[in-house]
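S.K.: As listed in TrEMBL for this protein:
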- 1-26: compositional bias 'Basic and acidic residues' (COMPBIAS)
- 27-36: compositional bias 'Low complexity' (COMPBIAS)
- 1-45: region 'Disordered' (REGION)
- 53-75: transmembrane segment (TRANSMEM)
- 95-116: transmembrane segment (TRANSMEM)
- 128-150: transmembrane segment (TRANSMEM)
- 156-179: transmembrane segment (TRANSMEM)
- 199-230: transmembrane segment (TRANSMEM)
- 322-343: transmembrane segment (TRANSMEM)
- 355-374: transmembrane segment (TRANSMEM)
- 394-417: transmembrane segment (TRANSMEM)
- 429-451: transmembrane segment (TRANSMEM)
- 457-478: transmembrane segment (TRANSMEM)
């Protein structure tokens with residue numbers, strides 16, 4: 001086909017003069033190269049850069065992943081119920097299913113990220129396929145709400161599995177369409193369609209198995225879904241261990257397969273990782289104010305009968321709730337600030353860092369649950385202490401996984417971190433102090449909340465408000481400590497430089 005088109009162009013360009021003169025309306029082309037350039041320009045103009053589509057997809061997936069905490073956060077507990085009697089319902093079902101769903105949605109985002117590292121340009125058809133995939137992802141919170149409300153009914157679980165399978169099939173359709181139009185592809189990713197399809201269809205296949213198992217044993221079906229999340233990492237680890245046992249040298253992956261290898265040091269797109277993370281933090285902060293607007297505005301009849309028409313007196317009753325809001329928002333904002341500082345130092349995130357970042361975001365998404373638990377229960381009660389302890393565990397894990405990202409980045413060597421970050425340097429010390437701040441504060445609040453005779457929720461929210469101040473103090477404290485160490489080092493090394501040599505030096509020129 002290409003040869004016939006070139007022949008037709010040559011015949012047109014080198015035709016007789018009498019033919020050209022006989023058709024005055026025809027515009028002559030100057031050369032074959034100009035005609036081919038025009039055709040390439042027309043093909044290029046029919047496609048668009050994928051940047052805006054990726055930004056839209058990242059924002060949408062981050063919203064969907066975060067709002068799945070709402071069925072958990074809005075779990076109502078009666079004042080006369082003991083919280084530990086509801087832990088089995090609250091933790092083993094709703095929170096566990098939320099974490100599993102968050103990880104599966106994050107896997108869909110991760111697959112989307114790797115896929116559009118291969119496909120760099122899109123057209124209208126590819127955009128519509130991506131929108132269909134996003135539509136299925138937006139339906140996941142409804143299926144999760146069904147699972148959370150009716151954990152013993154297989155309908156919600158099967159709908160969830162069906163959605164995940166359809167998402168995988170839509171991503172497979174994107175692969176088939178993209179590879180059928182080579183102009184969409186990155187030039188280095190044109191020979192591995194079968195491998196990419198195998199990786200993408202792995203999760204839908206496991207979800208099909210989970211849906212089939214649910215008719216026999218629902219808990220085993222949930223185990224299968226969890227296995228679907230970690231299977232790529234488990235299989236990759238087993239392959240590496242097997243190769244080491246038999247003494248086989250691990251061959252470096254090719255450029256294309258490397259993006260689908262699940263190798264611990266497989267590179268990730270820093271831009272998309274930061275965009276997805278910023279979306280999660282923004283939605284979590286927004287969910288907090290929604291609860292304030294819904295629960296802390298008195299009804300007109302209540303204002304008239306209970307507060308004698310005084311709005312000021314009515315709002316004073318909601319004072320602890322406003323403290324809870326500002327403390328929770330400060331916590332979310334400062335965790336984002338720490339994450340921002342962390343990825344100023346990390347220049348090349350890896351697959352392991354992305355997995356740890358997903359775990360951290362999953363617990364950051366649980367912060368609206370902390371807000372609900374700590375401001376709704378009666379003060380100085382057993383329920384309040386247990387709610388604060390649960391909130392401290394969630395906050396500790398959110399900060400701990402951020403600290404784990406930093407440890408992995410240090411272990412990855414110089415390629416993952418900016419060159420100015422070095423061990424025992426100023427940036428290293430200050431970053432470590434910032435990352436350890438929230439885990440330490442959560443542990444301290446957990447211990448204080450365990451002591452009887454005080455309002456545990458007040459201590460928790462006071463911690464949320466005061467930690468930003470401690471953050472600023474910490475910055476200057478670290479600078480002062482490093483300056484003191486430099487001063488002591490200079491005073492210690494100064495006399496050593498000035499001390500005379502104990503033996504005469506012979507043969508000096």
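One is the number of the first residue shown, and numbering goes on along the chain from there.
Glycine too: its Cβ is placed from the backbone N, Cα and C atoms.
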S.K.: Answer yes if the transmembrane segment (355-374) and the transmembrane segment (199-230) have at least three CB pairs under 8 Å among residue pairs 6 or more apart in sequence, and no otherwise.
M.R.: no
S.K.: Does the transmembrane segment (128-150) make contact with the transmembrane segment (429-451) through 3 or more Cβ pairs under 8 Å, each pair 6 or more apart in sequence?
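M.R.: Between the transmembrane segment (429-451) and the transmembrane segment (128-150), which are separate recorded stretches, there is no contact, as judged by 3 or more close Cβ pairs.
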S.K.: What stretch of 53-75, 95-116, 199-230, 429-451 shows the most Cβ pairs under 8 Å to the transmembrane segment (322-343)?
M.R.: 429-451
S.K.: Apart from its near flanks, which chain residues at least 6 from the ends of the transmembrane segment (199-230) lie with a Cβ under 8 angstroms of it?
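M.R.: Distal contacts: 96-97, 100, 103-104, 107, 111, 115, 151-152, 154, 157-158, 161-162, 164-165, 167-169, 171-172, 175, 260.
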S.K.: Could you pull out which residues elsewhere in the chain have a CB under 8 Å from any CB of the transmembrane segment (394-417), counting only those six or more residues past its ends?
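M.R.: That would be 265, 331, 335, 338-339, 342, 345-350, 352-353, 356-357, 359-360, 363-364, 366-367, 369-370, 423, 431-432, 435-439, 441-443, 446.
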